[in-house]
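K.L.:
Mind looking over this structure? Questions follow.
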Amino acid sequence: MERAGATSRGGQAPGFLLRLHTEGRAEAARVQEQDLRQWGLTGIHLRSYQLEGVNWLAQRFHCQNGCILGDEMGLGKTCQTIALFIYLAGRLNDEGPFLILCPLSVLSNWKEEMQRFAPGLSCVTYAGDKEERACLQQDLKQESRFHVLLTTYEICLKDASFLKSFPWSVLVVDEAHRLKNQSSLLHKTLSEFSVVFSLLLTGTPIQNSLQELYSLLSFVEPDLFSKEEVGDFIQRYQDIEKESESASELHKLLQPFLLRRVKAEVATELPKKTEVVIYHGMSALQKKYYKAILMKDLDAFENETAKKVKLQNILSQLRKCVDHPYLFDGVEPEPFEVGDHLTEASGKLHLLDKLLAFLYSGGHRVLLFSQMTQMLDILQDYMDYRGYSYERVDGSVRGEERHLAIKNFGQQPIFVFLLSTRAGGVGMNLTAADTVIFVDSDFNPQNDLQAAARAHRIGQNKSVKVIRLIGRDTVEEIVYRKAASKLQLTNMIIEGGHFTLGAQKPAADADLQLSEILKFGLDKLLASEGSTMDEIDLESILGETKDGQWVSDALPAAEGGSRDQEEGKNHMYLFEGKDYSKEPSKEDRKSFEQLVNLQKTLLEKASQEGRSLRNKGSVLIPGLVEGSTKRKRVLSPEELEDRQKKRQEAAAKRRRLIEEKKRQKEEAEHKKKMAWWESNNYQSFCLPSEESEPEDLENGEESSAELDYQDPDATSLKYVSGDVTHPQAGAEDALIVHCVDDSGHWGRGGLFTALEKRSAEPRKIYELAGKMKDLSLGGVLLFPVDDKESRNKGQDLLALIVAQHRDRSNVLSGIKMAALEEGLKKIFLAAKKKKASVHLPRIGHATKGFNWYGTERLIRKHLAARGIPTYIYYFPRSKSAVLHSQSSSSSSRQLVP
C-alpha cells in the first residue's frame with residue numbers, strides 16, 4: 001500500500017497508515033462450493049458473489065484481520081457468514097465457539113438459517129427472562145460443547161460477565177451500525193471480550209460521518225486504528241470530494257477491511273425496483289394546524305442558535321400535522337367512532353385510501369412504513385374500517401410476536417404489513433410484498449433504504465414499486481430532498497470505492513438552515529384556507545399492473561401528484577427555477593412575515609381586552625394547540641351530569657363496537673380455519689372443554705358414572721411399576737396421558753420413543769395437528785393407539801395434553817400448571833363418558849424444580865377424587881430401581897402388581 005507522496009499533506013503519515021504498511025499477509029486456499037457441501041452446507045446454492053464473499057472472509061480470518069461485510073441489504077450476508085463457520089469447522093477444525101449478536105427482530109431468522117444451512121453445527125439461542133437465562137448458563141457451564149451462541153445486543157449487555165468467560169473464535173455483530181459510536185456501552189463492552197476474529201455485518205457501512213466509519217474500523221482492528229487517532233483520520237480525509245489523491249488513499253486503506261457489493265452489480269437477475277414520489281395536498285384542518293404550530297413560539301425564529309431545540313420541536317410538530325391532525329390530542333371529534341372523517345381530515349390518508357384501493361384491486365401486497373407509532377395506530381384503525389387484512393410490527397412488539405407476524409404475512413394472503421421504519425426496517429425478509437409505501441420519510445435515508453430492502457432482496461420474483469408520499473409545499477419536501485441529496489453523495493463515494501462522506505457542516509449553518517426550512521412552501525400552502533386534496537390518476541403515475549405484478553417499466557408521468565421528472569438532478573432546493581438552498585423565496589418569506597404580523601396583532605388585541613397571555617401561541621387559532629384562552633362558561637350540575645352521561649354512553653358504545661369487531665374477527669378467523677381444515681381433509685382430535693359439554697353428560701350421567709366407583713380405594717391415586725404405554729387395565733378402556741409442547745415437533749427418547757414403538761399414530765397425528773395450527777395450551781388430542789398391538793378386551797387411547805410452550809427461538813418452557821389443569825378437566829369428561837381408567841407417567845420426573853406435589857394434587861382433584869380410576873406409573877429401569885420404588889412407597893401409595 002505504499003503511495004507516492006504519502007506524507008506530503010501534514011508531514012508524517014498517521015500511525016494507522018504506518019502500521020497498515022507493515023502488516024503481513026497470509027494466504028488462504030480457495031474454497032469451492034463442493035468443499036462447503038462436503039463440510040456440511042445444505043439448503044442453498046451459493047451465488048458466485050456469495051462464494052467470493054466467503055473466500056474474502058476466509059482470507060481475512062487467515063490474516064487475523066477483523067472486517068466489515070457491507071453488502072447492500074438483501075444480498076445474503078447471513079448465508080455468507082454461516083458458510084464461513086462451516087469453512088472454519090470443516091477445513092480448519094475450528095469448532096468455535098462463535099458468538100452472533102443481532103437485533104431481537106431477526107433472532108429467530110438467524111436460528112432458522114443456522115438449522116437450514118448448517119444443521120451439523122450446534123446452535124444455542126441464549127434468550128428469555130432472567131430465570132430462563134440462569135438455567136441456560138448452568139447448562140452451558142456443565143456442557144459447553146456448542147458451535148454457535150446466538151443472542152441479542154441487550155442480553156449481551158445484561159449478561160456480559162457470563163459471556164466474557166468464553167474464548168470466542170469469531171464474534172459476529174449483525175446490523176453493526178449499532179457500533180458507530182466508540183463511546184457507546186456496547187462498543188466498550190464487546191471490546192473487552194476475548195475474540196480472535198471480529199466480523200461486522202451492515203448494509204449501510206457509511207451513514208453520516210468519517211467518525212462513525214472510524215468507530216467500526218477501530219472495533220474490528222483496534223491495534224491498527226486506535227481510538228486516539230480518530231482526529232487524524234477525520235482531518236486527513238475530510239475533503240476527499242475535492243482531493244482525488246486523498247480518496248484513492250482511503251480506498252486502498254479500506255480494501256482489506258471492507259467488502260461491499262450492490263444488487264445492480266451482482267444480482268442482475270433480481271427484478272427491477274422502481275421508486276416513485278407522489279405529492280399530496282392538505283385538508284383545511286391541516287392548514288389551520290400548520291399555521292398555529294408555526295406561530296406557537298415566535299422567539300425560536302429570532303435567535304436560531306439558542307433555540308435549536310425549539311426549532312426541532314416545531315419541525316417535528318409540522319411533520320405530525322402533515323401526517324394526520326388526529327395525532328394531536330383533542331382534535332378527533334367525539335364520540336370516537338371510525339368513519340370517513342379519518343380520510344377527510346388528512347390529505348396524506350386521503351391519498352393513501354385511493355392508493356390502497358388501487359393496489360388491492362390489482363392483487364398487490366404492501367409494506368407500509370411510518371416513523372411514528374401513533375400514525376400506525378391511526379392506520380390500524382383505518383385498516384379495520386376498510387376491512388383490509390394486516391399485520392403490524394413496531395418497537396413495542398416482542399420478538400416472538402414479530403416472528404409470528406412475519407410468518408403469517410409470508411404464508412397467508414395478508415394485504416398490508418404495518419411497520420415502523422426503525423423497528424421494521426432491519427433484517428426482516430418480506431419478499432411476499434411487491435409494493436413498499438413510505439407514509440413519511442426518515443431524516444437518515446439509509447433507514448428508508450433498509451426498510452425498502454425488506455421486499456427488494458434475493459428471493460423476490462416480482463418487480464418492486466417503492467412509493468413515497470410527500471406533502472406538497474410542506475417541510476416534508478425539504479426533509480426528503482435533504483435525504484436524497486445526502487444519499488446521492490453517499491452513493492457517489494461508496495460505490496466509487498471511497499467508502500465515506502465528507503466532513504460535517506458547522507453547527508451554526510445547520511441551525512440557520514433549519515429556521516429557513518420551516519418557512520418553505522408557505523406562499524403556496526397558505527394561498528387559500530380550503531383543502532388542496534386533489535384526485536389523481538394513479539395508473540398513469542405508477543404504471544400498469546397485471547395479475548398482482550407491476551409490468552410497466554416506463555418512467556412515471558410527472559402529472560397529478562408526481563414531480564420526479566421536474567426535479568431531475570437539480571440542487572436539492574432547486575424547483576421550478578427557484579433556488580431555496582440558502583433562503584426561502586421572497587413569497588415564502590413574505591407569507592411568514594404576514595403570519596407573524598397577524599399573530600402579534602391578535603396578541604395585542606387580546607392584551608387590551610384583558611385576556612391571559614399564558615397561551616400566547618394559541619391566539620391565532622384558539623383551542624387548536626394548547627387549549628383556548630377564552631374563559632369557559634361554568635356548567636350547571638345538570639349540564640355536567642348530562643355531559644358525563646353522554647361521555648359514558650359514547651365510551652360504552654365504543655367498547656361495544658370494539659368487542660363486536662373482535663368477535664367478528666374471531667368468527668372470521670375460525671371460519672377461515674375450518675375451511676382450511678376442510679380443504680385439507682383434516683379432522684381434529686381435540687377434546688371439547690368442560691364448559692362446552694352437554695348438560696346431560698354433566699348431570700344426567702353423573703350418578704351412573706360415579707356409582708360404579710363407590711369404594712374409597714377407588715377414589716385414590718394408585719401407584720404402579722411398569723410401562724405406561726402398556727396400561728395395566730381390565731376390560732375397560734384405558735386413556736394413556738402424555739404432556740407435549742405446542743410446536744408440533746415430536747420429541748426423541750423417553751416416552752416419545754416408547755409411544756412410537758407402541759403405535760405409528762402419535763407422531764403422525766401430533767405433527768399434523770401442528771401443521772394445521774390445532775395445538776394450543778390446555779388442549780388435548782385423544783385417539784386410539786391399537787394399530788400395532790391391542791388387548792383382548794378394552795381399547796387403549798392416547799391423550800396428549802399440550803402443557804408446554806416452545807417459542808420461536810426453540811426455548812422450551814416448563815410444564816404450565818394452568819394448561820395441565822385444563823387438560824385434566826377435559827380428560828375427566830372423556831374418561832367419564834367412556835367409563836375408562838386413566839394412566840399417567842410421573843409427569844415432570846427428573847425435571848429440576850418441577851412441582852410434583854402440586855401436579856399430584858391436580859391429578860387427584862380432577863380425576864381420582866371424581867371417581868376416575870387413576871394410575872401413576874414408575875418405570876422400572878433396573879431391578880434395584882423397582883425394589884427401591886417398592887420400599888419407599890407408603891400405605892397410601894401401594895404399588896399394584
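Glycine too: its Cβ is placed from the backbone N, Cα and C atoms.
As the structure is a computational prediction, the values presented were derived from the model and not from experiment.
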K.L.:
Which residue from Arg9, Arg116, Arg758 is recorded in Swiss-Prot as omega-N-methylarginine?
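P.N.:
Arg9, according to Swiss-Prot.
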K.L.:
Name the residue range among 600-637, 638-675 that Swiss-Prot annotates as coiled coil.
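P.N.:
From Swiss-Prot, the annotated coiled coil range turns out to be 638-675.
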K.L.:
Match it up for me: which of 90-93, 158-161, 174-177, 542-545 does Swiss-Prot list as motif 'DEAH box'?
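P.N.:
Going through 90-93, 158-161, 174-177, 542-545 one by one, Swiss-Prot gives motif 'DEAH box' for 174-177.
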K.L.:
Have a look at Ser209, Ser346, Ser531, Ser540 and find the one that Swiss-Prot tags as phosphoserine.
P.N.:
Ser540
K.L.:
Looking at Ser692, Ser887, Ser891, which one is marked phosphoserine in Swiss-Prot?
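P.N.:
Among Ser692, Ser887, Ser891, the one Swiss-Prot marks as phosphoserine is Ser891.
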K.L.:
Fill in the CA-CA distance, Glu72 (ATP binding site) to Ser540 (phosphoserine), as an integer in Å.
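P.N.:
One finds 31 Å between the Cα atoms of these residues.
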K.L.:
Just the number: how many Å between the Cα atoms of Lys77 (ATP binding site) and Ser540 (phosphoserine)?
P.N.:
37
K.L.:
Using a 10 Å radius around each Cβ and counting other Cβ atoms from all shown chains, which of the recorded positions Thr78, Ser540, Ser636 yields the largest count?
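P.N.:
Its Cβ has the most other Cβ atoms within 10 Å: Thr78.
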K.L.:
Mean pLDDT for the coiled coil (638-675), as a whole number?
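P.N.:
That stretch averages a pLDDT of 80.
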K.L.:
Taking the binding-site residues one at a time (Met73, Leu75), which has its Cβ surrounded by the most other Cβ atoms within 10 Å?
P.N.:
Leu75
